[in-house]
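> Below are the features listed in Swiss-Prot for this protein:
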DISULFID  CYS40-CYS61  disulfide bond
DISULFID  CYS47-CYS69  disulfide bond
DISULFID  CYS51-CYS71  disulfide bond
SIGNAL    1-21  signal peptide
Amino acid sequence: MRGIYICLVFVLVCGLVSGLADVPAESEMAHLRVRRGFGCPFNQGACHRHCRSIRRRGGYCAGLIKQTCTCYRN
């Protein structure tokens, strides 16, 4: 029984270590999502301008009913 617990702890620690080692580079990171609003869902241009103001390339309304302004970098 003690061996099973040791194996379980070992597997959990290995999973945590492998998860921490898989941090993406900055160029591989996902789009920046900002809080709701900034024109979404009815004025996508306001979202785009907001993203440009925070030095992103642009933005669009995303989500289930386009309520979240999502900025893209490249």
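Just so it is clear, glycine is given a Cβ too, placed from its N, Cα and C backbone atoms.
Can you walk me through where each of these features ends up in the structure?
When other Cβ atoms within 10 Å of the Cβ of CYS61 (disulfide bond) are tallied across all protein chains shown, the result is 21. According to DSSP, CYS61 (disulfide bond) is assigned to a strand segment.
The local packing around CYS47 (disulfide bond), expressed as other Cβ atoms within 10 Å of its Cβ over all shown chains, amounts to 25.
DSSP assigns CYS51 (disulfide bond) to a helical segment in the three-state reduction.
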> What are the non-local neighbours of CYS40 (disulfide bond), defined as same-chain residues 6+ apart in sequence with CB under 8 A from its CB?
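In sequence order, ALA46, CYS47, CYS61, GLY63, LYS66, GLN67, THR68, CYS69 meet the Cβ cut-off.
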> Within a 10 Å radius around the Cβ, which one of these disulfide-bonded residues has the most neighbouring Cβ atoms: CYS51, CYS69, CYS71?
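Highest number of other Cβ atoms within 10 Å: CYS69.
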